[in-house]
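One structure follows; several queries about it will come next.
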Amino acid sequence: MESCNCIEPQLPPDELLSKYQYISDFFIALAYFSIPLELIYFVKKSAVFPYRWVLVQFGAFIVLCGATHLINLWTFTIHSRTVAIVMTTAKILTAVVSCATALMLVHIIPDLLSVKTRELFLKNKAAELDREMGLIRTQEETGRHVRMLTHEIRSTLDRHTILKTTLVELGRTLSLEECALWMPTRTGLELQLAYTLRQQNPVGYTVPIHLPVINQVFSSNRAVKISPNSPVARLRPLAGKYPGEVVAVRVPLLHLSNFQINDWPELSTKRYALMVLMLPSDSARQWHTYELELVEVVADQVAVALSHAAILEESMRARDLLMEQNVALDLARREAETAIRARNDFLAVMNHEMRTPMHAIIALSSLLQETELTPEQRLMVETILKSSNLLATLINDVLDLSRLEDGSLQLDLGSFNLHSAFREVINLIRPIASVKKLVVTLHLAPDLPEYASGDEKRLMQTLLNVVGNAVKFSKEGSISITAFVAKAESLRDPRAPDFFPVPSDNHFFLRVQVKDTGSGINPQDYPKLFTKFAQSQSLPTKNSGGSGLGLAICKRFVNLMDGHIWLESEGLGKGCTAIFMVKLGVTECCTESKLPAATNASMNHAQTAFPGLKVMVMDDNGVSRMVTKGLLVHLGCNVTTVSSGDECLRLISQDHHVVFIDVCMYDGYEVALRVHEKLTKRHERPLTVALTANSDKATKDHCRRVGVNGVVLKPVSVDKMRSVLSDLLEHRNLV
């Protein structure tokens, strides 16, 4: 075309070829002009294409190509130079734009290739994501089945229901043909078919536990495919069918060594049950991974549920056993309370009934002692009095020990003269010691308070018992009594690890040491020194008159007073030292008023007879009434006796000075109260004295409530009656 002379007319072309070229150039130009329109539409709609300027350049190239072909239409005929110039210009521009576009494509093709690579990578990632989403959906489906199965399994804590529900739900969820559970026997040597889904095999069938297939399953924590012909998989008759795939999984069993459940195997090491699952026969279905995972999770859930069931069964059994024990303990407690009440009632009755004749013996013997007697008669009377006093002491010890053991004995706390209490004990012991020519000395430390707060009666009883033992087991020599305030460094004693005394400004610990030169103690006798009714075989106690209760009661009294008691001896024939510490309160002086009793009354009154003293005695026991009257008559009193409360209230008047009332009578306290109501004026009212066989705190409190002025514990001797009357008349205003 460049060799063509466009000015000079050319040879006429072939008509047909020219016609085809003309039509082709027209359609090429049309196609070239349509492509930019499509590119413009693409650029407008694409907001993310990064090469818009390249598309513009490519569009210009296409437009120029189209323009070239379009201009070429005029070259098929005779044309002017202008057409040739336009044609040449178009071709030059087309060449420039095409070269620029080619050079640009060299730069952008690698980018386009990387985009293509990324696109392929994203496609692969999308495919992988689709697979993962499929797995997630599968896991969600598995999780849903697990939650459903777990809910069904844990909806009960009965192990039989748990295992049966597990088989049913697994069979329904996985469309199983058969599912079975093999449990270990008690011996642990066999597996026993315990549960099946279709119940076509006899439950109780056993296989050895050491089979290779069982060991294979037990050694793995995953579900294991096993042969359908293995002993544990032959659950159904095949009848010519092709067996489905079978898997087995172990089910951990709880260590039952701490639970001892009645009908569960005794498992001291880790054991497993075996769960076997079979797909339908004559089926091409195979086990999928998610199904195996579902089976493994369910096996673990069954193990957890079984452990909970085991704990619940054991707790219920323990609860039932505890309830039985509580019922038995409650019955035993009621029986013990009934026995204690019966014993207390018996002791109360026996106390009253024994003290009544003792009252007669001691009172009449003391009256007889004050008459003219021959030496032989006086010895007999003194022997009677001594034996009677020993018997009365034994009665007191038995009652005190009974109250100490059942916890009903309470301390009667109050302020008292501590120095006077020691001196009174010495005055009581010294006559007995003088008979054996024993020297009794008392040493009270200068820092020992004169007054203290505590139970004076129990302290004196303890001191009398300890000093009395020293006198009893000493034939000659001396007995020394030392009392002082225990220092802080000497409070702890290694022999009493449970004794933790704590000093305080409000109290102090009194330490008393009683040392004798008696027979001493054998070291082997130490353990039973404070045991009731126990006596040392090495000591000459057969003629001592002891009952084996003194030290036992002392120990309990000392414990009540937050103290400690022990004995020290270097051996037989080397004497003994009894030491005890008790806790006493600090007080300035003795301020508490007490009912006068025989143990607190002064023994040295100037008045020995009471001529003209008008006294009434109310007692329903004729012997006791006669004996009390005899004592009072001997002391010069004018005595009126009555046997009932009505008679007492009818005869009582303001002329009577003292009324003795046996409060053990059914209406004793009521009579004492009505005497006060009848004679309202204090100076006209007689003093009321309670005659009782029980001097515990409850009796004294009851006496105070009804206005009784004094308490006398039977039996009563002449000296005791004289002391009580003197004390009452001296302290007329005592309440």
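Keep in mind that glycine also has a Cβ here, set from the backbone N, Cα and C atoms.
Keep in mind the model is a prediction, meaning the values are calculated, not measured.
Relevant sequence annotations retrieved from TrEMBL are reproduced here:
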type	residues	note
BINDING	CYS65, HIS69	Cu cation binding site
BINDING	ASN469, ALA470, VAL471, LYS472, ASP516, LYS532, SER547, LEU551	ADP binding site
CROSSLNK	LYS714	ubiquitin cross-link
DOMAIN	349-588	domain 'Histidine kinase'
DOMAIN	614-729	domain 'Response regulatory'
MOD_RES	ASP662	4-aspartylphosphate
TRANSMEM	20-41	transmembrane segment
TRANSMEM	53-71	transmembrane segment
TRANSMEM	83-109	transmembrane segment
Check each residue in the chain of ASP662 (4-aspartylphosphate) that is at least six apart in sequence and keep those whose C-beta is under 8 Å from its C-beta; list them in sequence order.
MET618, ASP619, ASP620, ASN621, SER624, GLY668, ALA690, LEU691, THR692
List the Cα distance (Å, whole number) between the residue listed as 'ubiquitin cross-link' and ALA470 (ADP binding site).
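One finds 27 Å between the Cα atoms of these residues.
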Using C-alpha atoms only, work out the spacing between LYS472 (ADP binding site) and CYS65 (Cu cation binding site) and round it to an integer in Å.
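One finds 149 Å between the Cα atoms of these residues.
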Could you round the CA separation between VAL471 (ADP binding site) and CYS65 (Cu cation binding site) to a whole angstrom and send it over?
149
Tell me, how many other CB atoms lie within 10 A of the CB of HIS69 (Cu cation binding site), whichever protein chain they belong to?
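Other Cβ atoms within 10 Å of HIS69 (Cu cation binding site): 21.
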Just give the helix, strand and coil counts over the domain 'Response regulatory' (614-729), going by DSSP.
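Looking at the domain 'Response regulatory' (614-729) with DSSP, the answer is 52 helix, 25 strand, 39 coil.
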Just to confirm: which same-chain residues, 6+ apart in sequence, have a Cβ under 8 Å from the Cβ of ALA470 (ADP binding site)?
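Counting only residues 6 or more apart in sequence, the Cβ neighbours of ALA470 (ADP binding site) under 8 Å are ILE479, VAL514, LYS515, ASP516, GLY518, CYS576, ALA578.
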Sort out for me which one of LYS472, LYS714 has the most neighbouring CB atoms within 10 A, since those are the recorded positions we care about.
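For the recorded positions LYS472, LYS714, the Cβ with the most other Cβ atoms within 10 Å is LYS714.
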Given the model, what does the mean pLDDT over the domain 'Response regulatory' (614-729) come out as?
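Reported value for the domain 'Response regulatory' (614-729) is a mean pLDDT of 85.
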